[in-house]
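Everything below concerns the one structure shown next.
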Amino acid sequence: MEESRRHHGRLWACGSNSSGQCGIESIEEIVRSPTQPDSVVRWSEVALGDSHACGITEDGSVYTWGLNDRGQCAKNMARNKDEDKCLLRPTRVSSLDSFQPSTSVSCGFEHSCCVIDGGIVAWGSNEYGQCGTSAGHDTGSNGAVQGGQPKGDGSSKSVTDFSSPITEISFWKPRPVRSLRGVKVVSVVCGHHHTLCLTFQGSVFAWGSNSSGQLGLGDTINRPQPEMIESLWATPVISLAAGSSHTLALTRQKMVLSWGRAKYGQLGLLLQQDSEREDQSLKQTHSTRFSCVSPTLKRQKSNHFGMRVNQSQLSSLREMGIEEEQAIDALIATNNQGVELAIEWVFSQQATQATPQRDKKPVTPEGSPAGRAKEDEIQVQEEDVLTPRRVNGISNVVSVDCGTNHSVICTEGGVFSFGYNRMGQLGLNCRENVHLPRMIEGLEGKQIVKVSCGTSHTIFLSKTGAVYGCGTADEGQLGQSIQGTAIVPEKLDFKYDEGSVADIIAGGYTTIFLQKSKSLGFRHDSIKDSLSEALQKFLQDGGSTKKLISLVESIFASPELMNVVFGREEGFGMDVEELEKVYKLILKCGIMNQDIIAAFHAATNSLIRDLGNNSNLLNSPESIQVLLAVFQNPLLSQSKMAYNMMPKICKVVMDCISISHQLLTNWWSDYPANILGGRIVRPFQDYISTTLDREHGNVSPSLICTLNVLALVEESNQRKSTLPMEEFYNPLISEKFDVLQHYIVWRQNASAGVRGFSFCNFPFLLNNSAKSNLLQTEAKLTMAEMVQKSRMENMFGGIFQLGDQGAVAPCRKGGANRSHASEGPSQGASGSNAGASDESAMPTPESCGIDPNHSDACILRIRRTHIMQDALEEIGRQNEHDLHKPLKVNFIGEEGVDAGGVKKEFFQLLCEIVMQPDYDLFVYHDESRTVWFNGASLESEADFMLIGLVFGLAIYNSVILDVHFPLCLYKKLLGQSVGIKDLGQMQPEVARSLKKLLDWEGPGSVEDVFCATFTIDHQAFGEVQTYELMPGGADIAVTEENRHKYVDLYVDFLLNESIRTQFNAFKRGFLLLCDGPVLRLFRPQELEVLVTGTPHLDFKALEENSRYEGNYTKDSQVVKWLWQVVSEFSLEEKQKFLKFFSGSDRSPIGGLSKLRFLVQRAGPDTNRLPTSHTCFNTLLLPEYGSRGKLRALLKTAIENAAGFGLE
């Protein structure tokens, strides 16, 4: 037999053997050299208590050895013989032979537990109820353990006094924990006097001593029976560890939660009373991580260690409306572990947002109130943490363990320790207690994969099988190679082959090394594989229906298992792609067997009920992310099922605290378009339409709740525009409902405080047509009102005076000296010259044949040779109420009657002139083909106000304008803030440079690399001028700490400050006519469409003016295919194609015929995508062999284009 097989499953032990806990039948109390027991059994798992041990063999049998004075070895031995109090060698627990093989075992200070057939059996001391039955009695939550004497290292060494009577109840034979009947347990872990277990469903139960809140139940009352830790509901816990009076939990997200006693820092949490102590520790080390720290202390630490806040996460938090200072505090406190944790931290700091405790009795597995060992209120020590809290600053954890009063966490990047350290058990080259996780520098590069803690020593196992240890070695627990105390990890030297160690077990003052073994334990990771295998097997050969149904019922009804199976492996949120894949497979299986769909439906309903019953616990990323899976459930796409499910799950969301909404919005913003649209938005829309139809238009509270959740989805979509806004339009509401009536109710709600429902509160449901109709209706009502008042004024004189009769703007003089030769032709269409002797003077109305009194309309008299001058002067001289009348335009000298066409022509000509550079009102940006206000313009504010009034007149009179403003103009008109994303639509290169500055993580500092100060170079009056962005900005360098402020000021200068005068005047003019409440219903994109109409892209003109190179001509086959494919594109696809080769989805002024488009051959037929040079409007097109191939590859290219095209 090979050496590796010969030692397979063997164990070696060293350390204290005072009670035979090494199992080697030796009378020596100290075993310094790791020794193998004479037993020939092969071990699968071994556990150590303070002075006893338990093990499971490869066939599932349970053995015990060591001290048995409380029955912890499950042997009812004679009680009057000292020598019979200990088992010196592993002895099988025969009373368990009739049960199925054991899969998990754990030892406490004086009790033991194992998992058999999905249940738990326990034996030993039950003084605090740690065996999970009510047969014991309580000595008080702070009662001392008999036979345990305090030691100088903060622990207690077992010194058994056999002459003393045993006062507490002990179980000398294994007893089942009957209250867990019906619950499938997969693992158990024992603290000194408390016990916890993890179930298949992912729930965590706890019982026994609770003197410091180590049970995590929110109080310090002992529990004689298992009780579920409600605060861990939906948290995907995969393993547990317990110390004397504290507990750690490892989640699937590879993060750690801790609770219980924190006196020595064993929880890794910086509590309020620890701040001064931890502040002093800053002077001792540079590897401290931050958790739950006050903002002042966090900033001190951040500066001390040079910690850099993750700029991408900071940007995301700021986009969510979190103030920069608070966002920075959150990221420092959570060590840049992700947006979700930062959000959780922010809300945890707000006491008013705290989750209220429900007034109900605790839940036991049987659903009955849990018994109490003692109902008296026990005063909580300030060091106690009564419910699980996240250990911030630690991620990618692979192993955790607890000693008596210290803890160690092994991550993919290093090993961290904290807690009691008088014996150097933390391995930090010191003996001071440590209150925050601190990296063990001596283990860097050692690839540690597991840790195990005893009372005052710690053992580490590397990937290669090498073993290291630290702490006290007085009793041989670190082997013969280490004497005294090791305050840094030292490699242990053993006589057997290095690399053969597969597991390490430390407990009390003893250490066991287990060689390669066969694991019988359960892994939650295996559930996902089991489900996938069952689905595939069923589809391939009709595999076991019973097994598949069992898995579906278990997984999809459990929030914990949903997180374990479908939660992201790193960070938070769901793996939506994997979830979608499984959902589709279940539906396929359901077609073959309806029982599977029935099980899926029942499980989903159960999950929704569970979420509803625990909505107050939806306050962490792990719990909230379950909602994602429910909303993605395909059953919600079926009207009958959605009718019952949708209102329930939406009510859960709206009952949650606001952190839930923030996190859901953040996650949905990252959804792929097909899932966000197909699984989320459309089922919402179908439910809304079906419910309105079924309930005859009545809007119930449940429907309002659903609309509120859809509003969160729409908010998330706005961040990245994953779906076009049209996806959120509801045709039924927009076209069939009396939108005007809803508008009236909405106005009454705002003005009179009447509380009535209106779809206007959810404007994203209303399409452009519905909103335009509302706007036009509002305009017509105003027009009719003004016409009526004007008629009454004409009839009755000043009795019905309309108020201020002054002009909307003073007489314009700023443009009097400008040449108007470019405004239009010198003669009108009739060939006559307007009949004016002075070309610059406007003829009187009488000389033009126009009645000066026109109460029914607002008439503008315009000369074609002076369009700009006349338009602004005519508009400026009108009274405000005249502008609210229907607009008519009269071109002087022409006989045309304005029935709508003349005013359209007028606006078209006026826009062409206004946008010309000669007028100095606007500047044109070639890169984005947009125009923006000229902050250096010499024109008066009145001119800009009148231009804004022209815009308002156009909208008010339903006229489309040919203007090319960026979207941020419409955002500003609607009172919305603008930022770097908006700048990117107008000046993409500038925005990219600023984004690079924000994202810079090195090498080198921001100050050294960018050499920027708080100034901006801006062109004005034909020369570049430098402006300070803040007082003294020229002397303030841009650094990592202030770069966000710099970018904010830079963007604010370009989009706001530099054009403040011009824009404010423009906005005043615009709102003079368009300040009605309906405008608030528009989104910026919709307002843009209202002003400019649906973008018209004349690709025929582009084709006719295109050029070709590389042996391509307009008659080349691939060129013909190109234009055929482009002509079949939707408007959105055409815009993407235009942006792909030119860098902008807008046509230049004058249309696509003005764009010099070049199609260049890029080699023979290939599978490579087309590429482009946006700087030269060039498409690099391979000579594909078929039209279908060209279409497929071109669509792929334009859908995934970024930057300057796909090079």
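Heads up, the Cβ atoms here are built off N, Cα and C, so glycines get one too.
Copied over from TrEMBL:
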REPEAT    9-59  repeat 'RCC1'
REPEAT    60-118  repeat 'RCC1'
DOMAIN    106-132  domain 'Rhodanese'
REPEAT    118-201  repeat 'RCC1'
REGION    141-160  region 'Disordered'
REPEAT    202-253  repeat 'RCC1'
DOMAIN    308-349  domain 'UBA'
REGION    352-379  region 'Disordered'
REPEAT    413-464  repeat 'RCC1'
REPEAT    465-517  repeat 'RCC1'
REGION    811-850  region 'Disordered'
DOMAIN    879-1207  domain 'HECT'
ACT_SITE  C1175  active site, glycyl thioester intermediate
### Message
If you average per-residue pLDDT over the domain 'Rhodanese' (106-132), what number do you get?
### Response
94
### Query
Considering only Cβ pairs under 8 Å, which range in 9-59, 60-118, 202-253 makes the most contacts with the repeat 'RCC1' (465-517)?
9-59
### Residues from the same chain, set at least six apart from the ends of the domain 'Rhodanese' (106-132), whose C-beta lies under 8 A from its own
47-50, 52-54, 56, 62, 64, 69-74, 96, 99-100, 138-139, 141, 143, 145, 148, 158, 168-177, 179-181, 183-195, 197, 200, 207-209, 222-226, 244, 373, 507
## Note on the structure
Its residues classified by DSSP, the repeat 'RCC1' (9-59) shows 0 helix, 24 strand, 27 coil
### Task
Count up the helix, strand and coil residues in the repeat 'RCC1' (60-118) according to DSSP, in that order.
7 helix, 25 strand, 27 coil
### Query
For the repeat 'RCC1' (413-464), DSSP counts of helix, strand and coil?
3 helix, 23 strand, 26 coil
